[in-house]
Amino acid sequence: MDASNGRSNLDLNIAWEGSRILISFHGCSFKTAWLLALGDLLCGFAKTGPQLYVFRGITGVGTGGIMALAMMIVSDVVTLENRGKYQGILGSCIGLGNTIGPFLAAAFVQDSTWRGLFWCICPLAVLSGVMVAWTLPPSKVHGSTATKIRVIDYPGIVLITAAMLILIPLSGGGTYFKWSSPMVISMLTLGGCCLIGFLIVEWKFAAMPMMPLHLFKNPAVAAILAQNFLFVGFKETILASMLSVPNLATLTSDQKNEVLNAYMAASKSVFYLWVPIIGVCLCFCVLVKDKGLQRPDEKPIARESEQEEEVSGSVTGSDIAVDERGTRREI
């Protein structure tokens, strides 16, 4: 890495810079905004490639915690009826950021360096942390800190972190490393053993597992988790391979233009294909029957309470009115 002009020469290892975020998504939800600010600040001062990778790992810890805590906060501070609306707003903000973020970053680095981009994110993260601490209502703390520390799933955290060794040969096998090399074989073997050990610990030994396996017994939860796994796998492998051309620097200008024109034609066809698929999904959404927000075991109880109210109203002779929201009240 050239520290004088802020340009990186890490052509063979630059994939690690993004992979650090994926590796750091596990088990950190404490002071996430401050970790994000610290990681971005250190990334701006990075002098070597390994320093950038480590500091991006710190940023990944903060990013993962923020994504998880945002959904938790929305679920805690709003009612069940309004939870879908606010989670939709949160999802739209994430989509808007993913859409305009690359364009803002490209416009920023034209007149500055990538270091300045990290330094710009740092004060924004600090400001958001201050706003959250100022506006978010305090939550009640139950139990002592020592008890909470003792029930942390330390073996699970260590094993799932070590299992991330599988990502190294999967992301670089056949390109940066040979599949038959001792490093690739040892990482696949060690990562697989750690993954199996993690599942055993979560199943039999963890008092408070970080991944409760009983969740997979619920078909709806299992389907959602499988959908997220397949979607991320598709996005990070298929799309990434489509957008990258090996040895692009060795191509001539005419060959580069041909590659870009082919990609633009293919992407246009893909966008055209998604339009009718989205329309069909919307039509199916209209056919979904609204069963309400009550659990099946709560519906008989609610029915009984409504019948008691009707009997009480008829006995006392009071008039019952229903407002626009469906709430029953006496006149």
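Here the Cβ of each residue, glycine as well, is placed from N, Cα and C on the backbone.
TrEMBL: automatically predicted annotations, no manual curation.
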(request) Name the residue range among 10-30, 157-177 that TrEMBL annotates as transmembrane segment. (result) 157-177
(message) I'm a bit unsure how to read this: which one of 53-74, 86-110, 116-136, 183-203, 270-288 has the highest number of Cβ pairs shorter than 8 Å with the transmembrane segment (157-177)?
(response) 183-203
(request) Using a Cβ cut-off of under 8 Å, list the residues of the same chain at least 6 residues beyond the transmembrane segment (183-203) that approach it. (result) 153, 155-156, 159-160, 162-169, 173, 177, 209-213
